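Each remark here refers to the structure printed beneath this line.
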Amino acid sequence: MTTSAVKVLIHGASGRMGKALLRLAAEDQTLQVVGAVVGRSPSQRVVDGVPFFAASELGGAPAFDVAIDFSLPQGFAPILALCAQRGKPLVSGTTGLDEAQRAALRDAAQQIALVWASNFSLGVAVLTELVERAAGTLPGWDCDILEAHHVHKQDAPSGTALTLGEAATGSGAQPRYVSLRAGDIVGEHTVQFTGLGERVELVHRATNRDIFARGALHAAKLLIGKPAGSYRVRDLVL
C-alpha cells in the first residue's frame with residue numbers, strides 16, 4: 001500500500017456488495033479501507049486490519065477521503081449526513097430511495113461531490129447511452145424494459161431498470177417495466193424498442209457481482225477532487 005492511498009469508508013459492509021468491496025479493495029494498493037460499517041454491533045471489531053463499526057456508531061468513524069455506500073434505504077440518511085458534515089465525497093449504490101431521500105441527495109450535492117447509481121458497471125453506462133440515443137431516434141416505437149435478478153432482491157423494478165427508463169423517457173419514449181425474481185441471477189436488463197415489422201433489443205447481462213464493486217471503487221477514485229455536484233457513472237468513466 002502506498003502512502004498516498006485513498007482512504008475509504010465502506011457503509012453496508014455486511015451485504016453482498018459490501019463484502020465484494022472489502023475483498024477487492026484489499027487487493028488494490030491505491031486504496032486503504034479505514035472503516036467498515038454494518039447494521040448491528042459487529043462480532044469482531046477488527047477483521048484483516050479493517051475496523052468494523054455498528055451503524056449506530058457511524059459518527060465516530062475515522063477520517064476518510066471518500067465513502068462508498070451499499071446499504072438499505074433506512075440507513076442512507078446517516079451516511080449522507082456524515083459526508084456532508086465532513087465535506088467528503090460519497091459513492092452510493094443504495095436502491096429503493098424515496099422522493100424525500102432523493103431530495104436530500106440533491107441538497108447534499110450543493111456541498112459535496114457525489115455519485116448515486118443503481119449500477120456501476122461500465123457496460124450499463126454504455127447501455128444507458130445507447131438507450132438514450134435509440135429512444136430519440138425511434139419516436140413512436142413501444143419501449144419495454146425487462147429485468148431479472150436473484151430471488152433475494154426486494155425492490156422491483158430494479159434501480160437500473162428505472163435509470164434506463166429515465167434515459168428513455170428523457171428522449172421521448174414511454175417505457176413499461178417487467179420484473180422477474182428467480183434463482184441466483186446476478187442481473188439482466190433488456191430494453192426493447194418495437195416498431196411496425198421490426199424490433200431492436202439492447203441487452204446487458206452481469207455474470208459476476210464483482211463488476212459492480214470494481215466500478216464503484218473506480219468511481220470513488222475518480223470522484224476525489226471533483227467540485228460539489230451530482231455525477232453520473234458515465235460522467236466519470238466515459
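Using N, Cα and C of the backbone, Cβ positions are placed for all residues, glycine too.
What Swiss-Prot annotates here:
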{"type": "BINDING", "residues": "GLY12, ALA13, SER14, GLY15, ARG16, MET17, GLY93, THR94, THR95, ALA117, SER118, ASN119, PHE120", "note": "NAD(+) binding site"}
{"type": "BINDING", "residues": "ARG40", "note": "NADP(+) binding site"}
{"type": "ACT_SITE", "residues": "HIS149", "note": "active site, proton donor/acceptor"}
{"type": "BINDING", "residues": "HIS150, GLY159, THR160", "note": "(S)-2,3,4,5-tetrahydrodipicolinate binding site"}
{"type": "ACT_SITE", "residues": "LYS153", "note": "active site, proton donor"}
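Apart from the site residues HIS150, GLY159, THR160, the chain places the Cβ of THR95, SER118, ASN119, GLU147, HIS149, LYS153, ASP155, SER158, ALA161, GLY187 no farther than 8 Å from the centroid of the site's Cβ atoms, the recorded (S)-2,3,4,5-tetrahydrodipicolinate location. If you compare Cα positions, HIS150 ((S)-2,3,4,5-tetrahydrodipicolinate binding site) sits closest to ARG16 out of the binding-site residues ARG16, GLY93, THR95.
By a simple count of nearby Cβ atoms, those within 10 Å, the most crowded of the binding-site residues THR95, SER118, THR160 is THR160.
Using SER118 (NAD(+) binding site) as the reference Cα, a 10 A cut-off selects GLY159, THR160 from the recorded positions HIS149, LYS153, GLY159, THR160. If you compare every pair of Cα atoms in GLY12, ALA13, SER14, GLY15, ARG16, MET17, GLY93, THR94, THR95, ALA117, SER118, ASN119, PHE120, the residues listed for NAD(+), the longest distance is 20 angstrom. Of all the recorded positions given, namely ARG40, HIS149, the one with the smallest number of surrounding CB atoms inside 10 A is ARG40. A C-beta separation below 8 Å, combined with a sequence spacing of at least six in one chain, links ARG16 (NAD(+) binding site) to ARG209. The Cβ neighbour count for SER14 (NAD(+) binding site), using a 10 Å radius and every protein chain shown, is 16. It is LYS153 that, of the recorded positions HIS150, LYS153, has its Cβ surrounded by the most other Cβ atoms within 10 Å. SER14 (NAD(+) binding site) carries neither a helix nor a strand DSSP state and counts as coil. The sparsest Cβ neighbourhood within 10 Å, among the listed binding-site residues (GLY12, GLY93, GLY159), is found at GLY159. Considering only the recorded positions ARG40, HIS149, LYS153, the residue whose Cα is spatially closest to the Cα of GLY12 (NAD(+) binding site) is ARG40. Residue pair GLY93 (NAD(+) binding site) / the residue listed as 'NADP(+) binding site' shows a Cα separation of 20 Å. For the pair THR95 (NAD(+) binding site) and THR160 ((S)-2,3,4,5-tetrahydrodipicolinate binding site), the C-alpha distance works out to 9 angstrom.
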